[in-house]
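All remarks here apply to the structure that follows.
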Amino acid sequence: PALFMENARKGSIVSRANSIGSTSASSVPNTDDEDSDYHQETYKESYKDRRRRAHTQAEQKRRNAIKKGYDDLQAIVPTCEQQDFSIGSQKLSKAIVLQKTIDYIQFLHKEKKKQEEEVSTLRKDAMALKIMKVNYEQIVKAHQDNPNEGKEQVSDEMKFNVFQGIMDSLFQSFDASISVTSFQELSACVFSWIEEHCKPQ
């Protein structure tokens, strides 16, 4: 019995030593695996942070570009600089800036079209003046070549009689062809009367 008790005591001591060793061993950190997990987690977090920071910077850059665009529009469009009494001294909203810009562009298009029409009219006038100039130069040249040609001209009274005869004939045809009931009828009749009775021949 004493030997049995001694062996049992030794086995208990060994068992407790083994348990202590296993406990202490389990408490020692596994540096290889845990370091790997730590670095991987740190890398993942830093990658997410970089993506978040890049996204934030891109969004801020986009907003700054939009703000600069609206500021440029307000500086360029004259109506945006004028005081709008309906909103007081408040800053113009983006919708108002865009609407004023659209209105100003439409105004510029109308002004451009008006100026193009004026330029076309001036070109026609210039062409007519050139033709008149050539005709007058020819008349002056003819008079200089034959200074005595105009001495026996037809009298003004005779000219008026001839003009009156032409006008009387035209007025008779005008009176018979033209209706002045409405402006639409007058316009339609005038064109047909001119084509029929006012030809150069």
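Glycine is no exception: its Cβ is also placed from the backbone N, Cα and C atoms.
Automatic prediction, not curation, is the source of TrEMBL annotations.
When TrEMBL is compared with the stretches 49-76, 77-104, 105-132, the one noted as coiled coil is 105-132. Confidence over the coiled coil (105-132), given as mean pLDDT on the 0 to 100 scale, stands at 94. Across the range of the domain 'BHLH' (50-108), the DSSP-based residue counts are 46 helix, 0 strand, 13 coil.
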